[in-house]
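Colleague: Structure incoming, see below.
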Amino acid sequence: MGNSPSYNPPAGISPSDWLNLLQSAQRLNPRPSPSDFTDLKNYIHWFHKTQKKPWTFTSGGPASCPPGKFGRVPLVLATLNEVLSNDEGAPGASAPEEQPPPYDPPAVLPIISEGNRNRHRAWALRELQDIKKEIENKAPGSQVWIQTLRLAILQADPTPADLEQLCQYIASPVDQTAHMTSLTAAIAAEAANTLQGFNPQNGTLTQQSAQPNAGDLRSQYQNLWLQAWKNLPTRPSVQPWSTIVQGPAESYVEFVNRLQISLADNLPDGVPKEPIIDSLSYANANKECQQILQGRGLVAAPVGQKLQACAHWAPKTKQPAILVHTPGPKMPGPRQPAPKRPPPGPCYRCLKEGHWARDCPTKTTGPPPGPCPICKDPSHWKRDCPTLKSKKLIEGGPSAPQIITPITDSLSEAELECLLSIPLARSRPSVAVYLSGPWLQPSQNQALMLVDTGAENTVLPQNWLVRDYPRTPAAVLGAGGISRNRYNWLQGPLTLALKPEGPFITIPKILVDTFDKWQILGRDVLSRLQASISIPEEVHPPVVGVLDAPPSHIGLEHLPPPPEVPQFPLNLERLQALQDLVHRSLEAGYISPWDGPGNNPVFPVRKPNGAWRFVHDLRVTNALTKPIPALSPGPPDLTAIPTHLPHIICLDLKDAFFQIPVEDRFRSYFAFTLPTPGGLQPHRRFAWRVLPQGFINSPALFERALQEPLRQVSAAFSQSLLVSYMDDILYVSPTEEQRLQCYQTMAAHLRDLGFQVASEKTRQTPSPVPFLGQMVHERMVTYQSLPTLQISSPISLHQLQTVLGDLQWVSRGTPTTRRPLQLLYSSLKGIDDPRAIIHLSPEQQQGIAELRQALSHNARSRYNEQEPLLAYVHLTRAGSTLVLFQKGAQFPLAYFQTPLTDNQASPWGLLLLLGCQYLQAQALSSYAKTILKYYHNLPKTSLDNWIQSSEDPRVQELLQLWPQISSQGIQPPGPWKTLVTRAEVFLTPQFSPEPIPAALCLFSDGAARRGAYCLWKDHLLDFQAVPAPESAQKGELAGLLAGLAAAPPEPLNIWVDSKYLYSLLRTLVLGAWLQPDPVPSYALLYKSLLRHPAIFVGHVRSHSSASHPIASLNNYVDQLLPLETPEQWHKLTHCNSRALSRWPNPRISAWDPRSPATLCETCQRLNPTGGGKMRTIQRGWAPNHIWQADITHYKYKQFTYALHVFVDTYSGATHASAKRGLTTQTTIEGLLEAIVHLGRPKKLNTDQGANYTSKTFVRFCQQFGISLSHHVPYNPTSSGLVERTNGLLKLLLSKYHLDEPHLPMTQALSRALWTHNQINLLPILKTRWELHHSPPLAVISEGGETPKGSDKLFLYKLPGQNNRRWLGPLPALVEASGGALLATNPPVWVPWRLLKAFKCLKNDGPEDAPNRSSDG
């Protein structure tokens, strides 16, 4: 507001002192500025920091402020000191009949009018909000209240209308009325005496103060307005209804009553309060009551229905209800009424405080309208009738008191003993009542009725009466309001008694509940029954065991709202079974009656033997529970029981979970309702006193409770082994005597703790001991039952899921491989309907036969501590089968089946590593021992090749296990030979990374309608052309399959010129092919490959003009593909003159072999003279044989970069560099950087650009032994490879710059190269040899002499040298960064730090002069 700071005081000063300082600052002349308030706040901080105490008027005088440091703060302190020192003294003597109040010196600055006042302005909404925020929790008329309003008045100079607006905004209606009364009285007292400038003839003070030139008269009105607040009568502060929230220990009824009182005090008269309280009674209730109302759909219901719904809810700290009397020789006195709420103000009759107007002594009451209806005396009202006051409870009568008073004073002890006793439960007080009457049902002669001393009349449900009973409508006023359509009056006599023999009382009329919900014994019967109402002492249920200390942590300590799940109906058979189960649990002490919140449904389940089992559905409670980790990871591995402990005994505990008690605060989460037949009687509610079965944390809590007793037994018999899981205990000992002694000790110890040992389930050796569904023998472990695989197609989904679940359980103890399991699991894919019928394929039925054979080997050996652990890893395309065994054992220890983690192709070596790691973890957890040796079914050559060529970082992990890994082939020794019944694909052949000397060679090729092959070994053995489908790719596959079928089963070298077939075969070489067959013809390829013991796969270019034998034989295969025209043959051979000379068609044998080339436009442009070798199109047949180079342009921001791209024509490996300028020097620098990445090529093929044809570039290539040739650009047979690479790189650059617009060009190009070389290329093309890790050139040592070579020294600067964040494609770049290449013979590297030792020469050609500054 204006120039004033916030009214919130800073640290080190009270609110009243701070407001005094602010008001004193308002007297400064000229008016205070924001800097004055800042200086004032800085002064308070300085005072509090230096004096180590808060600022007060006595300690912070003008002398406490250093002059010149805090501006005009000394003037503010002087003004405050002057005003408070000159305040008026104590008031004079008062009237003799009233004692003057004690005088206290004022702590508030008096009202002043000195100084220049601000001009009048209307209130802004933000100013009104700030004022209300400052005084929101302050009492009206308090010091902070007065001073806050005074500061607001000094700054805005409000008119009476503005002050009235402010009063309506900040005060309640009650306070507004009291303030207006006080203000009117103050104006009337001051108007005739002390008001200066007031003329009664000109209007009222309010009207005159509103004038613009009112001046001092408005200031006087403002002072009277403030004084009226100060003169308000003191009254207790009423909590506003907007801030009322139900407390944690407050019942819902008390909360609603308190809300109604606050609404009555804070809302003006005539405002309807029912809609407001209906909404606030839910919005401000606590979460527990809100959830009850939400669950019953009563959020928008009237208050009465809400009170009725939450009637049974009680806070957790709530004490039991007030009793009429407690057991003992003496009965307590009368119940004291609840204290009345004090009045908010003085009585409007006598204007005195301390009493309500209805209790005012000056209130005059008129005579009664008629005689008293009881004694017929016309002089008094009925409430003052002496006859009514003298009636006793024992006499009864129609005018019974509102509460049942104690009868100790009116009866002797002998008379009390003759009275009937009504024992009441603490939660729902009920008593058995015997009824008789003409309108009752014959079966309702005895019933259980609720005792309610607050109900005036007795209530019966309508279903207890006959249909045609005499009735009249009744309007009943209850907690939910007036009910007009629910209750009727039964106009007929009804006889009641507490005992069959009487005494009986007769009631002329009684209320009937048409909703059949209530059966209540009201005050009209209780006052005449001549009975004593008492609450008996609590009868505790029997103590359960010695473990009476409940667990301190069960996962519900955060106390969420208990669930309210309704009980679903049950048929008569299940209901009778449930009642019997509840009765037995109640007798055993596992449950007890419950009347608190919470409910979870219950139902019985019939066991296979015909008995019933109690099931409590605690899923909602489990969802609210925080899980407790179990001590054991799961069922123990019984094969870990050592063989040197032959004596075994098994114990079983009965009702083990029911020995752990539960605290009372958690019982609401385990409550349930026992329904009655037909709902004719009230449902009974119970709650568990012990851990129930079905609770998520019951197993973990039981294990923790049983941990210490079992630990003591294990410590006493250290030479034995104790294995336990839940309530099953297995004890293994070396001798018979020790087993007997341990069993007796453990059984006695458990019985002392309250556990019951089931002696009928105790088993011991020499017979097999059953434990956890398995049989423990002396040397082995078997399963008690195995699934029967009598499966026929079709089969239902439920049956197949059951069989797979049983197979999963026994798969650890039987040699079930992953392949047949995967076949059955694959039949479940895509099935959503639970009623679906599945048709099994013949292969799946064959897998079932394999599983049936595997289940016949139901045995596992027990662990022998003297022998090492061995493992076998069997890898298949469906998954892995892992075996743990020991040497000399009859059976393995365990089988494990692990499926593929995903559908992506994974190398066999990686799967082997994962299998070894899984087996190691199982061995450590079960046997606490590491595995000595791993056997596997992979060929050693295939595994070695993966280790040498893979870039996976997990290769290092496999190398650490390499001394322990051994290839066992496909038939390992041991009892699991049935695991491998057939050879797995691509695991039998031994693939060779290099050509096999003196081996048979197979060359194959294909066209659109024909495939061909030839076999060669020192000479041509066989050749043939076979028909193929309408596809060149399938034609190549057909030629390869025909050649494999014709080749004898011996080592074979395969040469193909198809990139597709080469990639496929190389994938098989590395053992990375795990995908399903995409083409059925590949199955023939698999079988053909398995016939050869060793295979090498090579790639040859079909359009190569090289003179080596491999290219010649490949050209011969091309001749085996007869084509219709020479042009088709010319297109197939790509202008290969040597292949054209072998045209096989005799009809055109007389043709000139150069005729197709003469007619070909491409050949004419490339080789117009017909013999120039420099223009011949070639592609390399090995890495770094032939490169292609090109320069393309890329625009980024305001620069246009020249991208120098170099591509190896054999593998497609690429390097590129970005240069600002396009000169011969930059082209040489780009070639040098490519050599660093890819190695030195033998040949370089470029277009006919000026940079490539310059003498400098040609001379550079000659010095480094690089053969340079040129071609016509944009020719599909020549430069298509480098042109496509240009497009890919520019596309990747655009992507990275679109993702990061400010990415530097060097980083973007590095990412594009990494993406192209590492992702776009096939993995089989990325071996270490093929990624051009050429041997590094000789490096000059720092201590040696600098070589003296050519006078031409070409310097280059690699990208990323000065950028640490750059991530390049290869480590070789980091190793070679920061160097120079010296053009000597041979060339050598010069480290960058040694370049200063000699003069670095550069090219001095004329074309390099403009770019001399950018070189190097």
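Cβ atoms are placed via backbone N, Cα and C, with glycine included.
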Colleague: What does Swiss-Prot list, out of Asp652, Asp664, Asp806, as binding the same Mg(2+) 1 as Asp727, Asp728?
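Modeller: The one candidate that Swiss-Prot places in that Mg(2+) 1 site: Asp652.
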Colleague: Among Asp944, Asp952, Asp1057, which residue does Swiss-Prot annotate as binding Mg(2+) 2 at the site that also has Asp1005, Glu1036, Asp1118?
Modeller: Asp1057
Colleague: Looking at 274-322, 1352-1400, which one is DNA-binding region according to Swiss-Prot?
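Modeller: Going through 274-322, 1352-1400 one by one, Swiss-Prot flags 1352-1400 as DNA-binding region.
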Colleague: In Swiss-Prot, one of 345-362, 561-578, 1299-1316 is tagged zinc finger. Which stretch would that be?
Modeller: 345-362
Colleague: Which range, 46-63, 370-387, 964-981, does Swiss-Prot list as zinc finger?
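Modeller: Comparing 46-63, 370-387, 964-981 with Swiss-Prot, zinc finger matches 370-387.
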Colleague: With Swiss-Prot as the source, identify the stretch among 100-103, 204-207, 796-799 annotated motif 'PPXY motif'.
Modeller: 100-103
Colleague: Does anything in the same chain, at least 6 positions from Asp452 (active site, protease), have a Cβ under 8 Å from its Cβ, and if so what?
Modeller: Pro429, Ile520, Leu521, Gly522
Colleague: Please report the three-state DSSP label of Asp452 (active site, protease).
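Modeller: For Asp452 (active site, protease) - judged by DSSP and reduced to three states - the answer is coil.
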Colleague: Would you mind splitting the zinc finger (345-362) into helix, strand and coil residue counts from DSSP?
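Modeller: The breakdown for the zinc finger (345-362) reads 3 helix, 0 strand, 15 coil.
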